[in-house]
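Peer 1: Please see the structure below; I have some questions.
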There are 2 protein chains.
Amino acid sequence: MFENTEKTNLQELGEFGLISHLTKNFPLKRESTNKGIGDDAAVLDAGGKKILVSTDMLLEGIHFDLAYTPLKHLGYKAIQVNLSDIYAMNGIPEQVTVSIGLSSKFPLEAIEELYEGIYVACEKYNVDLVGGDTTSSKQGLVISVTVLGYADEKDVTYRNTAEEGDLICVSGDLGGAYMGLQLLEREKIVFLENPQIQPDLEGKDYIVERQLKPEARRDVIDLLKSRDIKPTSMIDVSDGLASEVLHICKQSDKGCNLYEEKIPIDPMTYETAREFGIDPTVCALSGGEDYELLFTIKQADYDKIKHDVDVSIIGYITEPAAGYNLVSKSGQVHTITAQGWNAFKG
Amino acid sequence: MFENTEKTNLQELGEFGLISHLTKNFPLKRESTNKGIGDDAAVLDAGGKKILVSTDMLLEGIHFDLAYTPLKHLGYKAIQVNLSDIYAMNGIPEQVTVSIGLSSKFPLEAIEELYEGIYVACEKYNVDLVGGDTTSSKQGLVISVTVLGYADEKDVTYRNTAEEGDLICVSGDLGGAYMGLQLLEREKIVFLENPQIQPDLEGKDYIVERQLKPEARRDVIDLLKSRDIKPTSMIDVSDGLASEVLHICKQSDKGCNLYEEKIPIDPMTYETAREFGIDPTVCALSGGEDYELLFTIKQADYDKIKHDVDVSIIGYITEPAAGYNLVSKSGQVHTITAQGWNAFKG
């Protein structure tokens with residue numbers, strides 16, 4: 001019988017600490033396994049193209065709040081967050097499996113809405129739903145998605161291959177999804193206190209959409225291919241810029257210099273952060289769920305991309321001894337630490 | 001905001017009804033998708049071997065009860081139920097991903113136990129753990145496993161390819177996992193009523209192990225290969241013999257005759273069923289989680305397998321108009337209906 005006698009707090013370890021603790025003794029035995037745990041996706045080989053596999057689980061009350069998350073958006077987002085992992089390997093996602101656990105509070109019509117969002121995402125990104133599992137749940141809504149993608153060997157892009165002098169680039173803008181979440185949480189509290197008051201999201205569409213309906217950046221992968229750029233390393237921004245840039249640097253055994261003034265932040269994110277008394281740069285560094293791509297390129301590729309407004313060059317890779325530095329707008333140098341979203345915090 | 005206004009009861013549809021309802025409008029668009037939903041695993045093609053993908057989700061309170069399920073066994077079983085799906089396609093599983101949702105009641109040591117079971121299963125079946133996700137859960141333990149396997153195109157075995165006259169075979173014995181569950185449930189109630197009384201599982205090791213620690217039948221796949229038999233169709237027995245034989249017949253557009261006296265039931269299963277006042281044949285037909293393989297072979301292959309005590313020939317495939325028949329020990333003919341385990345029943 002299971003008894004909770006010994007306790008080591010999971011929060012202390014954090015998600016990455018826990019995964020690496022639990023899996024450190026698992027050897028890789030199969031020739032078909034090129035890369036296991038430790039990147040955005042595993043890389044497998046069955047004799048054809050490289051197979052990229054990634055999986056993400058979304059739990060009610062942890063990753064989403066049905067008080068303000070339409071089920072259609074939730075279905076859409078569950079697919080996007082998985083596709084993003086395949087793009088981050090410079091691959092093309094082609095299949096997903098979706099497992100759902102449902103409590104009895106959900107009628108069929110609610111699940112149809114969820115699948116409508118999954119459908120729209122699959123159609124838009126040209127991905128097939130090929131399997132899954134549907135079961136009742138005593139607990140609330142559980143969504144587990146696995147995505148399969150493919151890439152030629154020469155195209156697969158890892159986290160641990162950044163080189164000194166490479167330029168650090170990020171697509172789109174950062175911190176928006178986090179501020180969208182703050183806004184939704186605030187309006188939820190207002191609504192719970194007085195159900196007559198309708199949510200005030202006027203003029204905040206962009207950041208609310210960043211939170212509820214993110215888009216995986218297939219267009220960035222296409223852009224890089226069309227410019228004949230292969231990133232030297234890449235990761236998707238799911239846990240905040242700080243956490244992701246540290247993954248690239250630590251796994252590549254390098255350092256970095258980032259420039260605060262170069263970090264792309266949308267004006268709406270900036271204004272809303274100010275309104276909430278939050279530093280917009282902190283939103284970009286530590287807010288999660290932007291699902292942009294963070295990647296490094298050779299300096300020689302700079303000319304190919306310098307006019308693309310949707311890609312910002314925010315710094316460069318250094319020797320490891322130089323550390324992980326953020327140069328502030330006032331010229332001060334701060335050490336970057338990962339304070340990204342931690343699923344064990346709450 | 002989500003509100004539960006319209007209601008169609010999920011129990012009425014059942015799991016297969018729900019999946020097919022939700023996914024019927026999802027077209028397959030990718031050349032790399034050979035087979036989507038509807039078999040034990042999806043079949044994908046990236047230019048090398050065929051890739052087999054299957055996924056299963058286990059939820060606390062639905063699929064397992066921690067009152068009598070040791071976490072190590074649970075981890076082991078979570079892998080086995082997935083491997084079983086790959087063997088049911090006549091493939092070899094090589095990788096798994098494992099996503100876990102944990103409530104705060106679990107200390108690190110409990111999760112280590114769970115991963116110890118996963119580790120043992122991966123080692124024994126020569127499978128690599130290549131990815132996953134670990135998150136907190138507000139509710140209880142959630143385990144979602146995806147397995148990848150491989151097979152040469154000529155070896156992949158589907159459910160929908162049984163032919164008239166083929167012999168219906170099943171490995172091992174049936175109903176044991178179900179009776180093991182009944183026993184564990186009974187002892188749990190006794191324990192809850194009087195915590196001083198220790199569980200009485202004396203002499204019931206086999207059926208308890210069938211429930212808590214099933215083994216996917218890799219040996220059967222190996223046996224068939226060594227005898228140069230390719231099954232004409234195959235499925236794993238996760239929901240009871242009745243449900244599985246109907247999947248093969250309906251998807252193959254065929255009927256069947258099964259003989260009650262040929263259905264393999266272990267003496268311990270038989271005796272325990274009698275003790276509980278349950279018909280042992282009903283345990284085999286409708287009890288779930290045996291994870292044996294149900295397959296059909298050409299009559300010409302009969303001689304190659306007739307002496308294998310671990311494979312029972314329990315009937316044969318007929319023309320569709322003949323229906324789905326079970327010939328009882330007394331010679332009466334009953335129509336087989338699926339009353340398999342339904343995750344939406346409880």
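Yeah, the Cβs are placed from backbone N, Cα and C, and that goes for glycine too.
Note that TrEMBL annotation is computational and uncurated.
In case it helps, TrEMBL gives these features for our protein:
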BINDING   A:Asp40, A:Asp85, A:Asp236  Mg(2+) 3 binding site
BINDING   A:Asp40, A:Ser54, A:Asp85  Mg(2+) 4 binding site
BINDING   A:Thr55, A:Asp56, A:Asp133  Mg(2+) 1 binding site
BINDING   A:Asp56, A:Asp85  Mg(2+) 2 binding site
BINDING   A:His63, A:Glu289, A:Trp341  substrate binding site
BINDING   A:Tyr115, A:Gly132, A:Asp133, A:Arg159, A:Ser238  ATP binding site
BINDING   A:Asp239  Mg(2+) 5 binding site
DOMAIN    A:38-150  domain 'PurM-like N-terminal'
Peer 1: Counting every protein chain present, what is the number of Cβ atoms, excluding its own, within 10 Å of the Cβ of A:Glu289 (substrate binding site)?
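Peer 2: For A:Glu289 (substrate binding site), the count of other Cβ atoms within 10 Å is 23.
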Peer 1: Write out how many residues of the domain 'PurM-like N-terminal' (A:38-150) are helix, how many strand and how many coil, based on DSSP.
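Peer 2: Per DSSP, the residues of the domain 'PurM-like N-terminal' (A:38-150) fall into 34 helix, 45 strand, 34 coil.
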Peer 1: Out of A:His63, A:Asp85, A:Gly132, A:Arg159, A:Glu289, point to the one nearest the residue listed as 'Mg(2+) 5 binding site' in space (Cα versus Cα); all of them are binding-site residues in the record.
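Peer 2: When the Cα distances are compared, A:Glu289 comes out closest.
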Peer 1: Run a quick check on A:Ser54, A:Arg159, A:Asp236, A:Asp239, A:Glu289: which of these binding-site residues have any Cβ-Cβ distance to chain B under 8 Å?
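Peer 2: Correct list, in sequence order: A:Ser54.
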Peer 1: Would you count the other CB atoms within 10 A of the CB of A:Tyr115 (ATP binding site), including those on all shown protein chains?
Peer 2: 23
Peer 1: Given the model, what does the mean pLDDT over the domain 'PurM-like N-terminal' (A:38-150) come out as?
Peer 2: 95
Peer 1: Taking each of A:His63, A:Tyr115, A:Arg159, A:Glu289 in turn, which of these binding-site residues have a Cα lying within 10 angstroms of the Cα of A:Asp40 (Mg(2+) 3 binding site)?
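Peer 2: So the list reads A:Arg159.
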Peer 1: List the Cα distance (Å, whole number) between A:Ser238 (ATP binding site) and A:Asp56 (Mg(2+) 1 binding site).
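Peer 2: Cα-Cα, rounded: 11 Å.
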Peer 1: Out of A:Thr55, A:Asp85, A:Asp236, A:Glu289, the binding-site residues in the record, which is closest to A:Tyr115 (ATP binding site) when you go by Cα distance?
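Peer 2: Checked the binding-site residues A:Thr55, A:Asp85, A:Asp236, A:Glu289; minimum Cα distance to A:Tyr115 (ATP binding site) goes to A:Thr55.
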Peer 1: Measuring CA to CA, name the entry from the binding-site residues A:Asp85, A:Gly132, A:Asp236 that ends up nearest A:Asp56 (Mg(2+) 1 binding site).
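Peer 2: The smallest Cα gap between A:Asp56 (Mg(2+) 1 binding site) and any of the binding-site residues is with A:Asp85.
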Peer 1: Given the binding-site residues A:His63, A:Asp85, A:Gly132, A:Arg159, A:Asp236, state which is nearest to A:Thr55 (Mg(2+) 1 binding site) when distance is taken between Cα atoms.
Peer 2: A:Asp85
Peer 1: Restricting the comparison to the binding-site residues A:Ser54, A:His63, A:Gly132, A:Asp133, A:Glu289, which residue's C-alpha is spatially nearest the C-alpha of A:Asp85 (Mg(2+) 3 binding site)?
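Peer 2: Among A:Ser54, A:His63, A:Gly132, A:Asp133, A:Glu289, A:Ser54.
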Peer 1: Under 8 Å Cβ-Cβ from A:Ser54 (Mg(2+) 4 binding site), six or more apart in the same chain: what's there?
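Peer 2: Same-chain residues close to A:Ser54 (Mg(2+) 4 binding site) (Cβ under 8 Å, separated by 6 or more) are A:Asp40, A:Ala41, A:Ala42, A:Asn82, A:Asp85, A:Ile86, A:Thr146, A:Val147, A:Gly149.
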Peer 1: List the same-chain residues at least 6 positions away in sequence whose Cβ sits under 8 Å from the Cβ of A:Asp236 (Mg(2+) 3 binding site), in sequence order, or say none.
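Peer 2: A:Asp40, A:Ser84, A:Asp85, A:Tyr87, A:Ala88, A:Ala216, A:Arg217, A:Glu244, A:Tyr291, A:Glu292, A:Leu293, A:Leu294 - these are the non-local Cβ neighbours of A:Asp236 (Mg(2+) 3 binding site), listed in sequence order.
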Peer 1: Can you give me the Cα-Cα distance between A:Asp133 (Mg(2+) 1 binding site) and A:Glu289 (substrate binding site) in Å, rounded to a whole number?
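Peer 2: About 26 Å separates the two Cα atoms.
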Peer 1: Please determine which of the binding-site residues listed here (A:Thr55, A:Ser238) has the lowest count of neighbouring CB atoms within 10 Å.
Peer 2: A:Ser238
Peer 1: Given A:Glu289 (substrate binding site) and A:Arg159 (ATP binding site), what distance in Å do their CA atoms have, once rounded to a whole number?
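Peer 2: Per the Cα atoms, A:Glu289 (substrate binding site) and A:Arg159 (ATP binding site) stand 18 Å apart.
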